[in-house]
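Asker: For reference, the structure I am asking about is given below.
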Amino acid sequence: MKISIFILLLFISSMVIISVNAETETIQTNTACDCDDDCDDGNRWSTDMCSAGLLFGKYCTHTQICCDDENACTIDSCSKTSGCVHTPINVDDKNPCTIDSCIKGFISHTQISCDDKNACTIDSCDCSSGCQNKPMSCDDNNPCTVDSCNNSTGCRNTPISVDDNNPCTIDSCSKSTGVVHIPINVDDLNPCTIDACTKEGGVTHTPVNVDDNNKCTTDSCSLFTGITHTEICCDDNNACTDDSCSPSTGCVNTPISCDDKNPCTVDSCNNSTGCCYTPINVDDNNPCTIDACTKSTGVTHTPINVDDNNQCTTDSCTKEGGVTHTPVNTDDNNPCTVDSCSPFTGVSHTPINVDDNNKCTIDACTKEGGVTHTPVNTDDNNACTLDSCSPLTGVTHTPINCDDKKACTVDSCSNSTGCVNTPISCDDNNPCTVDTCDDSTGCCNTPINVDDNNPCTVDACTKSTGVTHTPVNVDDNNKCTIDACTKEGGVTHTPVNTDDNNACTLDNCSPLTGVTHTPINCDDKKACTVDSCSNSTGCVNTPISCDDNNPCTVDSCDDITGCCNTPINVDDNNPCTVDACTKSTGVTHTPVNVDDNNKCTIDACTKEGGVTHTPVNTDDNNACTLDSCSPSTGVSHTPINCDDSNPCTVDSCSNSTGCVNTPVNVDDNNPCTVDACTKSTGVTHTPVNVDDNNKCTIDACTKEGGVTHTPVNTDDNNACTIDSCSPSTGISHTPINCDDKKACTVDSCSNSTGCVNTPISCDDNNPCTVDSCDDLTGCCNTPINVDDNNPCTIDACTKSTGVTHTPVNVDDNNKCTIDTCTKEGGVTHTPVNTDDNNACTLDSCSPSTGVSHTPINCDDNNKCTVDSCSNSTGCVNTPINCDDSNPCTVDSCNNSTGCVNTPVNVDDNNPCTVDACTKSTGVTHTPVNVDDNNKCTIDACTKEGGVTHTPVNTDDNNACTIDACTKEGGVTHTPVNTDDNNACTLDSCSPSTGVSHTPINCDDSNPCTVDSCSNSTGCCNTPINVDDNNPCTVDSCTKPTGVTHTPVNVDDNNKCTIDACTKEGGVTHTPVNTDDNNACTLDSCSPSTGISHAPINCDDSNPCTIDSCNNSTGCCNTPINVDDNNPCTVDSCTKSGGVTHTPVNVDDNNKCTTDACTKEGGVTHTPISCDDNNACTIDSCSNSTGCVNTPISCDDRNPCTVDTCTKEKGCQHSPIDTDDSNKCTIDACSSTTGVTHTSINCDDNNACTFDSCSNSTGCVSTPISCDDKNPCTLDSCDKKTGCCNTPINVDDNDKCTTDSCTKEGGVTHTPISCDDNNACTTDSCSKSTGCVNKPISCDDSNPCTVDSCSNSTGCCNTPINVDDNNPCTTDSCTKSGGVTHTPVNVDDNNKCTTDSCTKEGGITHTPISCDDNNPCTLDSCSPTTGCVNKPMNVDDNDACTTDTCNKDGTITHTPINTDDNNKCTLDACSPKTGVTHTPINCDDGNKCTINSCSPSVGCISTPVSCPKPKDKCSISQCDSAKGCIEVPMNCTSDKCNEASCCDGVCTSKPISCPKPKNKCQVAKCDLIKGCTVSNVVCDDGNACTEDSCCSDTGKCQFEPIKLPKNKNKCIISKCDPIKGTITNSTVNCECDDLCNIGECCEDTGKCNYRQKDCDDNNPKTADSCDSKTGKCINKPYNVITSGSNLISGLIGGLIGGGTGGKGDCKTCKN
């Protein structure tokens, strides 16, 4: 048992030893030993050691080294001789096609590579023989390729060259048809070209020949309308041509014929108006002919009839002097005959009757001495007696009665001058009164009525101006009203109409500036809109188009910066694509090349994992392919051929059913193409024919809008054309016809306003014609009628002098006649008045020697008279007294029989009296009743004019009356009320100066009062007039202070005036300027409240505008922003509906999109997913039907790829390696051409470089030179277009030069010619606008001409035709009066005819009947006077009887009444000479009277009216001896004024009182005392100042009174300026911040402030003070807060609750 345990222990021990070192093999033997040498076993590959045993003793151990090479593919052993041995294991599988190996213990048999690096062999390995390299076949069964093989790249199927060098074919090749050469479509869809193609010239588009060989058409061709032949306009704008057109020669402008077959006109033609028929000048410059022209006779010069039907003239006419009517010489040189001439009977020499049957004259006549009547001398040298001589009674000296019973005269008699009835003067020198004198009551000065019953005048009358009717000032100083005044409505202020019917203006009106039409600001501040304004609708903000036709940009618009074409983000976040975008292709995501050149791997790339090379699964589960894989060619799935040779199908193969030929989707979603597909042409997208065969529409088609036919704009902005459009011919601009068919206008057309019919001028510059114009015939220059119906003038007219009326020569060479001529009586030769006012001479006259005065013989051979002669009265043959005391008889004495008492003739031949005679009253001539019951007229009657009713002059020139007149009350001169209700004045009125109130003397010896009288109590001591001539002071005077001048209160309590006062202008209340320069307020002013700026109402009642106002421009109605920032709504606004947000229509009628709209993303058309999770189908969608999953054909017909398809991956096309190591080629492989090494395009898109290529470095771009050595170009280079030799801008911005540049001369600026060869324009040139051909004005301001203009000759002022075809009018036209049709003078100067005129019969002269049914007349008719009912001769040759014929034809001879009721004559009658009324002599020898005689009272001596003196400061007086003299005017004044006369007015100039030496005294003047001195009063109204005056300067000084000084400067003493009392107050140191405690420092008077102490001595609180309440706030800190908050809290506590220190007191009440 013990042994067993021992053995077990040994085993365990040995196991422990062995296991201690696993890397060595240690063998312990039972050989005992003492040292290592005892244990050598002779094996050098072991370590021999002597070591202690496990339990007891020492034993030898042999440790074998380790031979493990850590290679599982070797058998490791150790040989005593050689050591470690590592024997490879046997891996050979006996297969030549594998390489056998062992790696880390794993045996592998790797298939060897049989790749011979020849792409033209199919490499494989045979299990028996090893590698095999068989040549491969490259035939692709494609007639379009040349098949070959390249050892490095493999099969090459190079596309054959299909180019037949014919530009007229499209060369192509297809698998089914082979090479084809299809003729190209040369049609450019332009009807204006002939499209063709030739091998030599290629495609040509030759312009068609549009010429129709017709010169009457403009031939053209338009892309839209094709060839058109538009008729040309042959109108040469010449009214003198007939315009037509000949197809062979073109326009024909044949001159028209203007011959009117009238010899009386000059026929011409005006280019602008047409035929012009100017009357010829028929004037032969001979005043002795009547020049005329008629159509039948032509021009005639008929001698005028010079006979004036006056036998007293010799009538003749000479070319030089014209018509003369020379008076015949009637003088027979015999003073004893009266030589006369009657126009009807001729010259007569009637013996004069020298017998005056007057015993008071001696009558005689001798050829030498003529007739003499020597008067008797009746003068007793007493002007107060009436000295007379009666042929019957002789000389009498009757005292005259000078009483005229009139209150208006002062009656007297002067022995020297006789009666003086001096009219009193009632003239009050007041134009506002009617000054009259009533014979019973005296002077009357009635105020005139100034009221003109017109509310639009201020009616007044002043002494200086008289009656004035001043128009009222209707101007309310408001330019927004039309101010007017009408008699009916008075003053009106009608608001102006500010609306200019233009929605583009803001219409407003300012009272100061008037109506304004401020253009509204349509700028919406958006760069994305074109802002404009429509006059009818207002602002239009049209969005601009930002489409740059670049698919690589997102086109948008920013309202601030404008169009933004942001490059799109092409990154699809897919590592498997190369992302790019070009303008031609748009965004492309080109797959990355994942090819690892191992065609048996699926080289792929996923968005998540990137590029992967997964071994291919050659099984495509597709019955349509043969699946295989070759390392060189890869997996092949050879498709079955499903090509049906139909380009209209997508040929594919269904995994389950076989070939699928799906019709292609030809819809390109473009409404502008007709999409189709045919077997011959394939898919075509033919542009739709948009032509609607309507030349009036612009036909177009856009992808968005489809076909549109937009009407063309026919407006050529020319008012002279009618713009229209014909669907067949297109737009036409037909010139409008401006011909008004009037020869009197020049017809033209203005492009801006349309027809202009300008009147022509017919002025022939001949004053002897009436120039007019007839709309049919043109100018008419009718000779004027020069006859002024005045026999005293010779009437003529010449071109140089015009119409002249030369006075006739009336001298008959007879000194005994006064030769005159009157319009009524013609030439008269009135016998001169031979009377020398000496009654004692016989006054006569000899035609040759003139008047003579021969002393008369006063013996009247009449026993009834005593004969004598008085120088004043002549012969005095004092009648015997035959008075029978019957006033109704003329008492006379018959030279032979004695007294004769003949009944008086009461008829005074005065239509103004009713004549009668009674014994009691005598002869009465009762004035007719002229009263028209209107007391405002002076009803009168004169012998000549009969009854008249003259409006009275109510002005009595009396300032003391109010003059007026009423129909009922007549003229009234109401005395003015002179009573001033002041008993202390003497009230009076002077007719010249007006009312005066003379004060009584109430002098109280007080220099400060004007002593006057109280109305009720007597004397009143009124303050003197202290007026310092300063309207700005209230002047007063008090006894203690003297005169004071207190400034006036200018305040008119009207807040609308600036109240001021100046010495010159006085108090003024200037209207304030209410304009606040703010167009947004209506500025006005109320007297009570002042200026107000009421905001104007800018509400335009349009919910679509934000109504605001701009201070400078006024109302601004800005369109509101209707954008709700929601792209899902169409935002708009209308006046009626306001803002609307209509949901957008998101339906794009596309079943392939999910249409939606969100506020964030806008409208989206999210394509629906048609993915069937089968990568082998083309998942598409038809817009009309929805998803289509068409099996794809993976045949890309690309020899460069191996095509496969899996449900998961889809088609796989592995690219071949095309690199030829040439940097000048793009190595590629094309499905049609195979691998190509296309020369790279080194075009850097920079036309400014010469691009080339280096095989080693690639493209080289060398800059080109663009210098063309031409000074007229700016040489530059444009990257896009290349050299740009841009003509320099030679424009000098002067449109008056032609700017050019030549290679030789450089830039030139040649002045242009603005001559338009049109005489009707003023040609000039404007730098800014160019030629200005301004039409000249042909207006001659003559209504008698049609003013026109001829392009060649200029202005044509053609006389208008004034003929109204009425023989009863004289038709004429004058510059001032225009056309007049004056009734013709039908008077044939034959008063024996009734002259008339009718339009039908013309002038007729019907004989009148002169039968007066009176047996006492011989009835006849005189052409000059008319009916003559000549009384039969009943004359008994007794001049003292009235011979009459009675109604029954019997004749009676009644004695005449010699009394002419004229006290100024001595009345007598001689049977031979008849009644005589010898004037009496009334001369009183007084130069201050005008001696005259009144028929009713006799002699009158009227005071002379002396003329106003030349010196207005003199007055006229009359001296009886000298007559009128001038004496200075007497002007009086008071003691303060110096009186003088200035310009006829007494003026008083204030005297200048001497200035006192003391400047604190002022000089003043007392009206009674004169100059006095008073002290200056200095009172500033402040009781706290001491007022004084500085005697040096005279200026007031106002020194503040001295306030008591306080030791405590915190006490302030103040003075009350009104009461003058002194009060003390303390400085207020209180603050608005109640945490500041203020105290006043007594030493300085200044406030010191300290912060209120709120420290509660608690470190755990933040101490502060509330400034509003003054209360302390002790807020515990928040100890949980962060450190920063704690610090800020502590700082806040320290700041807020600090103690002491000066607080911040920003606002103190002090």
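Cβ coordinates are placed from backbone N, Cα and C, and glycine is handled just like the others.
Pulled these features from Swiss-Prot for this protein:
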SIGNAL    1-22  signal peptide
REPEAT    43-70  repeat 'Cys-rich CT 1'
REPEAT    95-117  repeat 'Cys-rich CT 3'
CARBOHYD  ASN150  N-linked glycosylation site
CARBOHYD  ASN151  N-linked glycosylation site
CARBOHYD  ASN270  N-linked glycosylation site
CARBOHYD  ASN415  N-linked glycosylation site
CARBOHYD  ASN535  N-linked glycosylation site
REPEAT    574-597  repeat 'Cys-rich CT 23'
REPEAT    694-717  repeat 'Cys-rich CT 28'
REPEAT    718-741  repeat 'Cys-rich CT 29'
CARBOHYD  ASN751  N-linked glycosylation site
REPEAT    766-789  repeat 'Cys-rich CT 31'
REPEAT    790-813  repeat 'Cys-rich CT 32'
CARBOHYD  ASN871  N-linked glycosylation site
CARBOHYD  ASN895  N-linked glycosylation site
REPEAT    934-957  repeat 'Cys-rich CT 38'
REPEAT    958-981  repeat 'Cys-rich CT 39'
CARBOHYD  ASN1015  N-linked glycosylation site
CARBOHYD  ASN1111  N-linked glycosylation site
REPEAT    1150-1173  repeat 'Cys-rich CT 47'
CARBOHYD  ASN1183  N-linked glycosylation site
REPEAT    1198-1221  repeat 'Cys-rich CT 49'
REPEAT    1318-1341  repeat 'Cys-rich CT 54'
CARBOHYD  ASN1351  N-linked glycosylation site
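Could you tell me the structural context for the features on the list?
Answerer: Per-residue pLDDT, averaged across the repeat 'Cys-rich CT 3' (95-117), gives 77.
Following the DSSP three-state reduction, the secondary structure of ASN150 (N-linked glycosylation site) is strand. Taking Cβ-Cβ distances under 8 Å and a sequence gap of 6 or more within the same chain, the neighbours of ASN150 (N-linked glycosylation site) are ALA119, CYS120, ARG156.
Here the Cβ of ASN151 (N-linked glycosylation site) has 11 other Cβ atoms within 10 Å, regardless of which shown protein chain they belong to.
A strand conformation is recorded for ASN270 (N-linked glycosylation site) in the three-state DSSP classification. Taking a C-beta cut-off of under 8 Å and a sequence gap of six or more, ASN270 (N-linked glycosylation site) has these contacts in its own chain: ALA239, CYS240, CYS276, VAL746, ILE760, SER1348, SER1350, THR1353, CYS1356, THR1358.
Within its own chain, ASN415 (N-linked glycosylation site) has ASN382, ALA383, CYS384 as residues 6 or more apart in sequence whose C-beta sits under 8 angstroms from its own. ASN415 (N-linked glycosylation site) falls outside any helix or strand according to DSSP and counts as coil.
Secondary structure from DSSP puts ASN535 (N-linked glycosylation site) in coil.
Residues 224-225, 669-672, 687-688, 723-731, 733, 751 of the same chain, all 6+ positions outside the repeat 'Cys-rich CT 28' (694-717), place their C-beta atoms under 8 angstroms from a C-beta of that stretch.
If you look at the repeat 'Cys-rich CT 29' (718-741), the same-chain residues 6 or more away from its ends with a CB under 8 A from one of its CBs are 222, 225, 228, 230, 233, 235, 239, 693-696, 711-712, 747-757, 775.
DSSP classifies ASN751 (N-linked glycosylation site) as coil under the three-state reduction.
Residue counts of the repeat 'Cys-rich CT 31' (766-789) by helix, strand and coil are 0 helix, 12 strand, 12 coil (DSSP-based).
Helix first, then strand, then coil: DSSP counts for the repeat 'Cys-rich CT 32' (790-813) stand at 0 helix, 12 strand, 12 coil.
Neighbours of ASN871 (N-linked glycosylation site), defined as other CB atoms within 10 A of its CB across all chains, total 16.
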Asker: Could you tell me which of these glycosylation sites, ASN535, ASN751, ASN1111, ASN1351, has the greatest number of Cβ atoms within 10 Å of its own Cβ?
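Answerer: Going through ASN535, ASN751, ASN1111, ASN1351 one by one, the largest Cβ count within 10 Å is at ASN1351.
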Asker: Tell me the Cβ neighbour count for ASN1183 (N-linked glycosylation site), meaning other Cβ atoms within 10 Å of its Cβ, over all protein chains shown.
Answerer: 14
Asker: Compute the C-alpha separation of ASN871 (N-linked glycosylation site) from ASN1183 (N-linked glycosylation site), stating it in Å without decimals.
Answerer: 146
Asker: Return the member of ASN535, ASN1111, ASN1351 nearest to ASN1183 (N-linked glycosylation site) in space, with distance defined Cα to Cα and candidates limited to these glycosylation sites.
Answerer: ASN535
Asker: Of the glycosylation sites ASN535, ASN751, ASN1111, ASN1351, which one sits closest to ASN151 (N-linked glycosylation site) when you measure Cα to Cα?
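Answerer: Nearest candidate: ASN535.
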Asker: With DSSP assignments reduced to helix, strand and coil, which class does ASN1183 (N-linked glycosylation site) get?
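Answerer: It is coil.
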Asker: Whole-number answer please: how many Å between the C-alpha atoms of ASN1111 (N-linked glycosylation site) and ASN535 (N-linked glycosylation site)?
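Answerer: Each residue's Cα considered, ASN1111 (N-linked glycosylation site) and ASN535 (N-linked glycosylation site) end up 24 Å apart.
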Asker: Measuring Cα to Cα, how far is ASN535 (N-linked glycosylation site) from ASN751 (N-linked glycosylation site) in Å?
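Answerer: That comes out at 21 Å between the alpha carbons.
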